[in-house]
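To start, the structure under review is shown below, and the notes come after it.
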Amino acid sequence: MVTEDSDTENKYKQADAAETSPGGRSPVGRRRFLQAAGAGAAVGLAGCSGGGGGDGGPVTLGAANILSGFASLYGEEAERGIDFAVSEINDNGGIDGRDVEVLVRDTEASADTAIQQIRSLVQEDNVDGLFGLDSSGVAQAVAPQISQLQMPFMITHAATPFVTSPQGEHEDSVGNEYVFRDSNSLAQDIYGAARVAENLDATEWATIGPDYAFGYETWDYFQAYCDGLGVEAEFTAEQFPALATSDYTPFISSILDADPDAVLTPLWGADLTTFIGQAESAGWFDQIDHTLFSVGMGTDLPSDGSPLPEGEYASTRYDPFVPDTEANNSFREAYYEEYESLPTYNAEGAYRAVHLYKEAIESAGGTDPSALVDEFTGMEHSGPVGDYQFSETNQATVASIWGTVTYDDEWESNVLDPVNRYEAGPDVLSEALGDSDLPAGI
Amino acid sequence: MSLTSLVPLIGIADVVIGLSLGSRLFLIAVGLSLIFGVLGVLNFAHGGFYMLGAYVTLAVVSNVVDNFWIAVVVGALAVGVVGAAIEFSAIRRLYNRVDSDLDQLIVTFGFVLVIHEAVRFIWGSGSYSIDPPDVFNFSVTLGGSTFNAYRLVVIGLAVGVLVALWLFITRTYFGSLVRGTSSDREMAAMLGVDVPRLYTGVFFLGSVLAGLGGALSAPLQATSPALGDQVIIDAFIVVVIGGLGSMSGAFVGAMLIGMMQSLGPQFISAGSIAIPFLAMVIVLLIRPEGLFGGIGE
């Protein structure tokens, strides 16, 4: 696997400057720019046609993850999963005899940067397929670009349901035939949260989530599911601090003043770590009966061994112990041997994406993007996460997993025990969403 | 929701949290204000100084000596040295230029980027946190709400710094040199004041204050490379509201903004971050020179 920084940003800036240079410089400049742009587009199309490194060369995939800033650990975990899959595949004959390599780029959790990186992967590096993304907001901005680039994209983490609900179904829907997701979505995950809420002795609910699409969508879906499932719940307080807030104290204090029975929080990345430390010193876990961490088993906390508060609830998109299958157990053991930590869901999602490409390319007999899209559509697959299928909207039908946080000394990590899997197929979700206009995205 | 039903939601903890937020803003804003008041330099790198103070404190307390207060002193002084070096090597050359305002802005912004990248290079882009010193690391419950006792220490120290600075500027020989030089630099130079050295001294002092703010705040917040950008905006709001160059203005402005940041989430669940900006706009419309306007107070 190769990690590289892109200098494409500068190139695009120069191109923009040439096009818009003030003062009406000679038309030759504009014509030359257009010629250059045409040449660039031709190169891009060559990339789209799956030319890649030629039939004998390696299969090249492009990944876009957060590698810096408040959620950089997600990208690092994805890289581990990618490395693991790449060496596993290349040691066993590659993809149809061709080695696979993955170029990983940093989105910096910014939609603009992600779009530039993805364009560069397609148009300059001529990748044969794309995967990654760790932020809902970024995924929503990227999805329409993917459709323009006509290159399949396997989302491995970003959870917004609107990238797998077809355009037109809801005003925010941006799903299209090129965008797939191999991990579960927020709609699937929060269905599990509502099922947990069903069994809790809590009626007053609050939320504290990040101030962008993911924070608001989580709360909207939770309320819709509670209504749809007939959970007796009042929604009393909500706080949406900005991403990468360094001091959550005022928001914590505001929730504590409202005194809810339970809180659902989709805070994630380093924000979650910061929040937990500050919540503990404000007496949060003494005052609030139940806290549900929807991204609690994400990356930062399990990977550095620092415990989530035991006895609270958390979800994960993949659990290293569930299902108890040969595929999952051997993946967990081999991964642990390699990295001395349990595989997080971001590592597993990225690992599986590389394997999905292998299966699709071998089945299609090549890397033609439209053939790959056809292969992924409705594909049945099995991995550490279990057996699943891609639904009509390109969403993997993986279960929602929620459990009670316990610290496991043997693995030196947070684990979920007891843990529940909530099978959440399209019918179940649509029914549970009741009268709301929110799409199930599956 | 009526106002009366909201009032009981404001607990004593919210007030203490607001004052402690204000205290750390005061420490950064007063340094910014001092440097502007005396040198006329709008130092964009001041947020970076604050961040650097927090990082050095973290590093010292985790790797060198397990004593928070020594780490705070080292953090503040280290930032002072960095600030003095920047003034001596770069900013000093800009004072007499015709377009010095723009040049200063560009140069100090350049240092923002340098500090940011240096921090990322040394400490990475993740975030760190430390506990308050053991003596003060306990919870205080008042009126049903809880806060960490260390917040009271930060408030007390900020008031102490305000008093000490005021005495220093108004009662000492160095203070009178600073005041004289800020009023009329050329006259001060003719009377034998070593203006360049004085300027470096003031820049050092302002930087130490920013570093002290960052160091004292390290146990109250996550320290990440984004920290400098967040606080510099707040600090500019504080000095605009308080009045550029005014020490008491910086204190009142900082406490006002701190209280807005603390109470804002009670009234508005998202976007409470915008409340201080609104306050700034209102102050600028009504009193463009700030609440305690008058440069060089």
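Even glycines carry a Cβ here, placed using N, Cα and C.
The transmembrane segment annotation in TrEMBL covers B:6-27 (among others).
Per TrEMBL, transmembrane segment is recorded for B:34-56 (among others).
TrEMBL lists B:68-90 (among others) with the feature transmembrane segment. Long-range contacts of the transmembrane segment (B:68-90) within the same chain: residues 45, 49, 52-58, 60-61, 107, 111, 130, 132-133, 199-201, 203-212, 214-216, 218-219, each at least 6 residues beyond the stretch ends and with a Cβ under 8 Å from a Cβ of the stretch.
Non-local neighbours of the transmembrane segment (B:102-123) in the same chain are 41-45, 47-49, 51-52, 55, 59, 86, 90-91, 94, 225, 228-229, 232; each lies 6+ residues outside the stretch with a CB under 8 Å from one of its CB atoms. Feature annotation from TrEMBL assigns transmembrane segment to B:102-123 (among others).
Residues 16-17, 19-20, 22-24, 26-27, 30, 34, 132-133, 136-140, 175, 178-179, 209, 212, 216-217, 219-220, 247-248, 251 of the same chain lie 6+ residues outside the transmembrane segment (B:149-169) yet bring a C-beta within less than 8 angstroms of a C-beta in it. The feature transmembrane segment is assigned by TrEMBL to B:149-169 (among others).
Sequence annotations record features per position, and here TrEMBL assigns transmembrane segment to B:198-220 (among others). Long-range contacts of the transmembrane segment (B:198-220) within the same chain, counting only residues at least 6 positions beyond its ends with a Cβ under 8 Å from a Cβ of the stretch, are 20, 23-28, 30-32, 34-35, 38-39, 41, 43, 46, 49-58, 68, 71-72, 75-84, 86-88, 91-92, 95, 129-133, 148, 150-151, 154, 157, 161, 174, 177-178, 181, 227, 231.
Below 8 angstroms of C-beta separation, residues 18-19, 22-23, 25-26, 28-30, 32-34, 36-37, 44, 46-48, 50, 112, 158, 162, 165-166, 169, 182, 261, 276-277, 279-280, 283-284, 289-297 of the same chain, each at least six residues beyond the ends of the transmembrane segment (B:232-255), sit close to that stretch. The transmembrane segment annotation in TrEMBL covers B:232-255 (among others).
According to TrEMBL, the transmembrane segment annotation covers B:267-286 (among others). Non-local neighbours of the transmembrane segment (B:267-286) in the same chain are 6, 234, 237, 240-241, 256-257, 260-261; each lies 6+ residues outside the stretch with a CB under 8 Å from one of its CB atoms.
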